Amino acid sequence: MKLCRFFLIFLCFYNLETNGQQLNDYKLWLKYEQITDSKLSASYKDISSKIVVGESTPSLLNAKEELALALPQMLGTDIEFLSAIDKGNALIVDVYQNLPVDLKSAVSKEMMDVKGDGFVLKSVKLTNKKVTVITAKTDLGVLYGTFRFLHLMQSQHLLDDLKVVDNPKLDIRMLNHWDNLDRSVERGYAGFSLWNWQKLPEYVDQRYIDYARANASVGINATALTNVNANALILTPMYLEKVKALADIFRSYGIKVYLTARFSAPMEIGGLETADPLNAQVQQWWKDKVKEIYAIVPDFGGFLVKANSEGQPGPQNYGRNHVDGANMMAEAVKPFGGNVIWRAFVYSEHDDTDRAKQAYDEFLPYDGNFMDNVLVQVKNGPIDFQPREPFHPMFGAMKKTPLIMEFQITQEYLGFSTHLVYLPKLFEEVLDADTFQKGEGSTVAKVIDGSLYGNKLTGMAGVSNIGTDINWTGHPFAQANWYGFGRLAWDPYLSANTIAEEWLRATYSNEEEFVDPIKEMMLDSREAIVNYMNPLGLHHIFDTGHHYGPGPWVDNLGRPDWNPVYYHKADSLGVGFDRTPSGSNATEQYASEIAVQYNDPKTIPQEYLLWFHHLPWDYKLENGEILWDAIALKYQEGVDQVTQMIKTWDRMKPYLSENEYKEVSMLLEIQLKEAKWWRDACLLYFQTFSNRPLPTGVERPTKSLEYFKSLKFPFAPGIRPRWD
Ligand code: GCV
């Protein structure tokens with residue numbers, strides 16, 4: 001009995017502590033923990049315990065609130081907000097035009113380099129005063145600068161001689177929520193949708209504000225609230241009231257709301273008989289709808305549209321094309337300054353061309369025909385957010401149309417929210433890829449920031465990994481993917497290394513002994529998952545529908561291009577998809593420099609080998625291994641890398657609280673189990689074709705192929721519910 005009570009009390013404390021940890025995780029990278037280094041703390045106090053904040057706008061008030069929250073916690077003392085400063089030290093936070101004259105001239109040089117919502121942080125010596133100034137042309141810029149200033153403190157930078165000028169390099173820095181109106185999230189692995197439609201508009205969850213703070217802290221300035229597999233109801237007055245409530249909260253954090261527009265909405269909620277974009281009534285319906293939206297959300301960003309893709313309706317249902325559809329909507333939002341973001345994720349069930357080629361084939365002929373407020377949103381690779389893909393050939397090839405990059409932050413094909421995978425490494429690889437479309441150095445980053453072709457509108461979208469889990473993203477390290485996406489949308493030239501370090505210091509610790517090995521672990525984690533899921537260019541060999549776990553054997557789905565066997569094409573002779581001129585010739589969609597290199601299995605980067613080539617099992621790689629052995633060894637390497645991650649994490653115990661340690665450690669154990677599952681299932685399956693033994697160094701599977709094939713997961717998270 002006594003033992004039982006003890007156990008209950010223990011459980012209670014355990015839960016409280018676990019909860020405490022999760023509440024800490026809730027704060028994301030905005031934890032603002034006390035600075036323990038006494039020298040640093042003294043210098044920060046000197047700079048920032050007296051503050052003057054311009055209070056003329058809601059965004060400046062947000063900056064003030066953030067300082068009021070962060071500084072007392074970090075400095076361990078009270079701070080004073082003053083209306084002006086005569087002498088002594090102070091932090092001055094205001095838009096440039098409101099600064100006192102002497103301060104204005106002290107930062108005027110830096111201000112000349114500020115663009116849009118960029119900002120300046122500068123230490124300035126004036127008569128009687130030493131001032132640290134956070135300023136910008138816009139109040140939003142000041143808010144961004146404030147977050148950066150606080151981040152520098154969190155990561156223990158010396159601020160005595162501060163001089164930072166930073167500008168966002170892309171215009172639209174956007175999250176795409178694949179959130180449904182029933183609060184399920186397509187490909188969501190962190191709970192339900194944040195948007196509590198039933199309680200909106202009256203009930204304003206603190207989460208909406210914290211979501212906005214987190215986004216603003218990295219410069220995210222747009223959010224598409226609803227799934228691209230859209231429900232027209234979001235455009236009805238009842239829901240628009242709720243959208244307004246969210247937009248009202250987000251506005252002062254600089255976040256514009258976009259909605260996904262179901263192409264058939266004029267019929268479904270408008271009572272029309274057609275949604276033909278060339279029909280005058282349909283055009284008028286969209287114009288009226290847009291007017292209605294802007295009347296209640298004056299800064300509405302515009303529409304995000306998935307049309308004629310995976311069963312979604314679109315202009316082709318009426319014999320029209322993407323330009324007809326996009327321009328009709330663009331015409332409606334244009335007078336209000338809105339945009340249409342039209343997705344290029346298309347592949348047809350009636351076309352047996354290699355799926356990897358279809359979006360390019362379909363969209364290239366329209367280059368130059370879209371209105372100037374249309375952006376075409378292109379996924380990073382030509383298939384679908386695989387652990388590794390070559391960059392999408394539309395980047396660089398589509399010269400007269402602004403392309404907005406679509407990355408997937410949620411880990412549909414990367415272990416859900418269970419696997420620790422640091423995605424900025426993947427994002428960086430794509431952004432740095434050279435398209436060669438305008439000579440060497442024509443990187444994807446230059447395509448999307450508009451510098452290659454001079455596009456006026458630019459942007460980056462990330463499919464959100466955020467949900468109602470206390471820690472927002474399911475895995476504590478998945479927060480780094482939200483953070484990293486935001487940082488790269490702000491500046492696509494930042495390195496994954498820098499971003500990992502920034503995130504770790506703000507989230508976990510500034511101890512070098514912790515930061516260095518964990519940063520290495522993060523940077524290696526993406527290659528690890530490629531190795532244990534899709535090595536050497538294998539792709540889309542996931543189990544059906546939910547994409548949880550391996551399913552290379554799946555061959556019975558409604559469309560050939562949904563079946564894994566379509567992608568790996570394993571047979572007794574070899575494995576891989578021939579996309580060279582002897583096969584689908586997808587390489588012709590790239591610049592000749594790339595095509596030539598990729599067409600030859602000897603010169604193609606090894607990581608893309610089986611994406612572009614079907615090769616014999618005994619094909620000899622440069623290092624002398626035969627293909628079958630190389631595949632097997634890569635799977636093993638992936639498993640070994642996860643084992644190494646576990647060891648690294650274990651060594652970090654002294655720098656972590658018990659629960660901080662435990663939550664990641666438990667997840668890593670699942671990751672190891674699943675990495676082995678991938679290795680064993682895939683190797684047993686491919687072995688039925690290769691008919692070769694596993695090479696030395698590869699662990700023998702302990703279960704049979706039949707066992708792996710028998711696994712079913714009807715309730716795996718993130719599958720789209722059927723309401724339509
Ligand atoms: C929103 C993939 C996903 C779908 C997603 C689609 C898209 O196919 O599996 O869930 O649908 O991409 O990006 O539109």
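Using N, Cα and C of the backbone, Cβ positions are placed for all residues, glycine too.
The domain 'Alpha glucuronidase N-terminal' annotation in TrEMBL covers 28-149. If you look up TrEMBL, you'll see 153-472 marked as domain 'Glycosyl hydrolase family 67 catalytic'. According to TrEMBL, the feature active site, proton donor maps to E310. Sequence annotations record features per position, and here TrEMBL assigns active site, proton acceptor to D384, E412. Taken from TrEMBL, the feature domain 'Glycosyl hydrolase family 67 C-terminal' applies to 473-698.
For E310 (active site, proton donor), the same-chain residues lying six or more positions away in sequence with a CB closer than 8 A to its CB are N229, F345. Distance noted between the C-alpha atoms of D384 (active site, proton acceptor) and E412 (active site, proton acceptor) is 10 Å.
Summary: among the active-site residues (D384, E412), the fewest other C-beta atoms within 10 A of the C-beta are counted at D384. The DSSP breakdown of the domain 'Alpha glucuronidase N-terminal' (28-149) into helical (H, G, I), extended (E, B) and coil residues amounts to 54 helix, 31 strand, 37 coil.
Summarising model confidence by region, the domain 'Glycosyl hydrolase family 67 catalytic' (153-472) averages a pLDDT of 98.
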